[in-house]
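Listed in TrEMBL for this protein:
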| type | residues | note |
| --- | --- | --- |
| TRANSMEM | 20-37 | transmembrane segment |
| TRANSMEM | 43-63 | transmembrane segment |
| TRANSMEM | 75-96 | transmembrane segment |
| TRANSMEM | 102-123 | transmembrane segment |
| TRANSMEM | 144-164 | transmembrane segment |
| TRANSMEM | 176-196 | transmembrane segment |
| TRANSMEM | 257-275 | transmembrane segment |
| TRANSMEM | 305-326 | transmembrane segment |
| TRANSMEM | 338-356 | transmembrane segment |
| TRANSMEM | 606-628 | transmembrane segment |
| TRANSMEM | 634-656 | transmembrane segment |
């Protein structure tokens, strides 16, 4: 094996690390840093993915007709690094506001898409160029190692970058700048390693752009056929034969073979539309699940690690075990059948994802609708208080007795007559009766906090968190009953100030975990509070009290319960979709290569990547315009792919595969027995 291959494989490993690492945290960056909603985040994520698969055509064109592969890789890698730098700057909270961050992010992502897409078709092929024809076997091994390095880079980075984002705090929040910066650094390493081998590479000159030639040939055939429409001109056997006046016979034959394969590509984008949602919709689903697996706590964006991990397990499993068993049973498991089965597995994966989504929805607390509010009462007085809520027409909407520091099991739902309304509260404490009123607005959560006021009590109405599903983030806030303001340090960079005498703090998001000793200080003393476990998706309210016996304490209630559904429930859908990918993607590439003439391999590669780009556009359109709830959207994708799978099966049934010995070049001695140089086709139908 040539030494220079080592440089290329290491380069590919670093490049894939930088791409997948950045992409793993991208959807959460849109959601929490740029504060876009879920649909916009999903759309931009897939627009970016799509762009990454459109640009290879540009990269291939530059390399083939102008700069050659080596220079193309070098120049576009520089663009790539620049994109990473701009993207990381856009994740620094201290640099400008929302608009600056958004502009920097979009510019950075566009440059990354140009870089990664542009070098994608060049790197693998450039590696192939390092082998002479007599080393064909080593070349095959190189492609396997190359594919392994892609998955290894993707595997390690999808595991590490979410840790850089979540476990490191910078500027008081998740460290997206670091999660984007480290992949950027790896891209710099990739570029340096690749450039180091410059002296020993075999650099073939650019050969001319075959993609452009194919397009010209097809265009000429169509326009020529159109010009010669009249009835007295003899018909030709195939519509591409109309290009014979201008183009050589061999090219026309190659293009014919190519168009037959491209026709089969028409249904493929739908599969990619499903596969590529692992980083968007499935990560958004993982946010609402509990990542505690007992022995390890997973961040929601780390779940994507399953895909490359399972690919590495499934490829040998399918090749050496499953396919062999199937052929032992005497079943002809052709490439097209494998692809169809891959599609069905992806359908099943989305059906499972929809079931998980429905289950999560059942477990999340209900939301107040129009003309409704949810109310809970927190009694911070030293004895029981009886609370009666009176509506506008003196009707009692709610009556309950609440003991001192009693944890209320859930919110009570109250109906309003209008969008906002005043409620009258009647409070009974010892032998005192108090009347007070508070105004509320529809579709909100409120806490009525009752506190001691000398010998009497008073109440205040506090509006709770905007959205009761905190999107998987853990949020806390404090009520301070002391007569001095308290400063609370939740982590190195996150601190809160709570005013004296029942001051209420804002909500702060914190990392999930145990908080046994949180450092607090008032103007004259330091103390620590035990907050216990703060779990995924929960919102907590802590009341800081000074108890004569136990000293300063934090009394804890859950405004929103933690996510109950374990993230492990996503395992089946990941296993199904990855098995589908191995059967579909690996087989599809192999099949295309076997069916296309050797001069058309690069055109086919470009077309294959284009189907992925179109798949991402499908997701973008559905996310923006379907307006469906999430589980229904999953079901929609599953059904769409099922329909496409049926169409693909029918197309496959009528497709006649080409035998390898029929792929003859003009220099071959044998001339097939059909007139001219027609490809001798096998006329058996491949039944699905």
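Note that Cβ sites are derived from N, Cα and C of the backbone, with glycine treated the same way.
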Tertiary contacts of the transmembrane segment (144-164), as residues 6+ beyond its ends and Cβ separation under 8 Å: 8-10, 12-22, 24-25, 124, 127, 175, 178-179, 182-183, 186, 299-302, 304-305, 307-309, 311-312
Contact call for the transmembrane segment (75-96) and the transmembrane segment (176-196): at least 3 Cβ pairs under 8 Å, seq gap 6+: yes
Interface-richest range of 43-63, 102-123, 176-196, 606-628, 634-656 toward the transmembrane segment (257-275), CB pairs under 8 Å: 606-628
Within-chain partners of the transmembrane segment (338-356) [C-beta distance under 8 Å, separation at least 6 from its ends]: 270-271, 274-275, 281-282, 285, 565, 569-570, 572-574, 576-577, 579-585, 587-588, 591, 631-632, 634-635, 637-639, 641-642, 644-645, 648-649, 652, 688
Residue numbers, six or more beyond the limits of the transmembrane segment (305-326), whose CB comes under 8 Å of its CB atoms: 20, 148, 151-152, 154-155, 158-159, 278, 333, 570-571, 574-575, 577-579, 581-583, 586
Chain residues outside the transmembrane segment (176-196) and at least six past its termini with a C-beta under 8 angstroms from it: 7-8, 10-15, 17-19, 21-22, 25, 29, 33, 73-74, 77-78, 80-81, 84-85, 87-89, 91-92, 115, 157, 160-162, 164-165, 168, 170
Non-local residues, at least 6 beyond the ends, that sit with Cβ under 8 Å of the transmembrane segment (43-63): 19, 23, 26-27, 30, 36, 69, 72, 76, 109-110, 112-114, 116-122, 206, 209, 211-212, 276, 279-280, 602, 605-606, 609-610, 612-617, 619-620, 623-624
